[in-house]
Amino acid sequence: MKIDVLISTPSILSKWSRSRFPNIKTVVTGGEPCPQSLADEWAVGTSYYNICGPTEITILNSAHLHVPGQFLTIGTPLPNTTVYILDEDENPVAMGEMGSMWVGGAGVTRGYINLPMLTAKRYKRDKFRNDGSSMFNTGDLVRWREDGSLETFGRSDDQVKIKGFRVELDGVTSVIEAFPGISRACAKVVDQKLHGFYVAETDVDEQVLDVFVRQHLPFYSVPERWIYIPEIPLTPNGKVDKKMLVELALSAATTKANVGLIPLIAAPIPVAAAPISIVAAPVQEVESNADLEKAIRCDSAVVRSSLSITKGGTGSVSESLESELDKLPAKNGFHGQRWLRHRAFILYRRFFSVIMLANIATACFILYRNVKQDRYILADVSTAFAANLCMAILMRSEPVVNLLFTVACSVPVSWPLAIRRHCARVFHIGGIHSSCAIASVGWFTIFTVGASLELAKEPAIRCLTLAPIILTYLAWPILIAMAGTSHPTFRAKHHDIWEMTHRFGGWTALILLWVQSFLAAKDLASGVAPSRAYLTSPGIWLLTVATCAIIFPWLFLRKVPVRSEVLSNHAVRLWFDYTDPVVGTGVRLGEFLENNASQFSTEVFLAEKPLRDWHGFATITNANGRGFSLVVSNAGDFTKRTINRAPTHIWVRGIPTCGVLRIATLFRSVVLVATGSGIGPCLAVILAKKVPCRILWTAPNHEQTFGKDLVNTVLQRDPKAVIHNTRTMGKPDMPLMAWKLYKESGAEAVCVISNKVFTQRIVYALESRGVPAYGAIFDS
């Protein structure tokens, strides 16, 4: 029999090849989600309609004329039909959000016969038309697309909770069907375990299939057991027979004790035997040897799965790997060794220790040489002080920091990971800064003591005159104050005091040191002309370099226009176009007061604290390559004022400087872990698309706080991103979740952007288990 119009479910249509029926001109599918590949195949040379039409609304409520290669939807509402997408409280959702589909119109039936409770649940008065008509809940999860069509996400009763996460079974099915060689698939939860059923025309390596699915789905959405079946069982209505799938899964499980004794026979699949109530193509005749081959393959496939159960104690490779990921593995090494390696002697402290030991060795050498040669010790002490001070300042100089990061991050990914993981710790250069700064204070203290001893001598035999000694006394307490307030505990509690001491105290000390250096150089170079003493003084040249490094960022002080995008009362996104930073850099912002109440209604921008208040933010390079943006989250007075004012101009100082996430390019792929506004720095890596990444983002009410566009940006880059709402889902086990993403994605490293406590906790938990993990330290 030849037909030219075919109406069927996708499950029935998938049994046939388009090439065998060239006479068919019109194809209509409905009743269940249709795979994109199936629609593309049958839409060639036909009018292919993908429709939605539950029995309760008489015929159809939407239809989509599909074109091969275009996105498959269920179309737009038909005439005399209304479609509403509502949330759980039966209120309309925003455009683009997913919700339950309710259908109204002339075709809605009155209800179910003799089922008043079910009728009351599924049929409601159409409160939007308010004309006495009814609307019906189809049970489908859909959302509006920009073109007015409806995108379906399966049935609400196919939305299940697995390991505390919501999983849409149709989404799992579509990923399985995308695996090469698999023609049809289905996902079903049986005995609280997610099973993956598949139909394939070629042999499928289930381990490869498992890896493929893990690359496209979060770990909690990956089936724990795989079951091959010769074809998807169907109900008399042509839809997937999920009860039969459950029986198949249970049959496979019961063979665990009988593996190798009794071959498992696949349950019969009543497709052709049952009457079909819709128009469909005739059942294809299949040769007996083909049936036998499929039957043998089904038996062997199920027995193979059972063998894995017996051997490994789990249903499949997926299940064994999943059970492995249910908890963190044991830490490497023993307790004391782990603490020393990953806490006490991180690279920052190793830098610190090496430089302090080098300074102690230098002090011993200077003392030995000067005692042996009877030289003035203060000249060498002054040089050692200037060298350490210069190095401390250079380690905070933007060009130097950028140079060090650029060199370290230029290592190609083809190099061994053992090398690249150490290069990635370049942000620990803060240890060089702090150790040199402490050493410089120590050397200056020695110089101060030596200068004091000079005062006890007769004026005629002193190597220093009174003026440089007085300047030394003035500069020394300032340096002591700067070092004391830099202690991590004090700095964390009194950040403003530390900042003012460093800035204003540093400038004051710099002026005093310049005068003191010239006077001391002249005094210590006895018998040499002052001009020559100045030119040959190492301290003066080193102080010159340090001064240039201090002045450099102020040369780039400017007022720039900014476009403020207020995301919520908790966050604002600022857009700039004055420069094009590289990925993983940050900028420093100052504050403006805006006065819009002037007589001529012109904006006047006044710098409130341009010499004191500077705050660093990570840049997000724009996708088009021009300009950048950054996210300011409410974390203090400055950020709160910035959110409330939504400035149109703002101070910037210096050049964009490399930060922790600049190291992402050292790895083939990374896992980005962010809490709250920590997603801002991660967006730079996400949008750059230079490094494949998986994303774990925890925050309270992501869309309300940071806006839907920002959340969608994350999901567009990583559709499988784990976005955990701490307000509704509670506080997660961050180290465990990061570990799972690391294992399932095959990433080479984990980068953490969070507060100090979370960062240290996650980085230590992963590093102690051999995972390269990186996060900003206190002085990075």
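Here the Cβ of each residue, glycine as well, is placed from N, Cα and C on the backbone.
What you see is a predicted model, and the numbers here were worked out from it, not measured in a lab.
Annotated by TrEMBL as transmembrane segment, the relevant range among 504-521, 684-701 is 504-521. Between the listed ranges 408-430, 431-453, 730-752, 753-775, TrEMBL ties the annotation transmembrane segment to 431-453. Per-stretch counts of Cβ pairs under 8 Å to the transmembrane segment (504-521) identify 459-483 as the leading one among 347-368, 459-483, 533-557.
Proximity of distant same-chain residues to the transmembrane segment (347-368), defined by a Cβ-Cβ separation under 8 Å and at least 6 residues beyond the stretch ends, is recorded for 377, 380-381, 384, 388, 425, 428-432, 434-436, 438-439, 442-443, 446, 777, 779-780. Taken together, the residues in the domain 'AMP-dependent synthetase/ligase' (2-112) have a mean pLDDT of 88 on the 0 to 100 scale.
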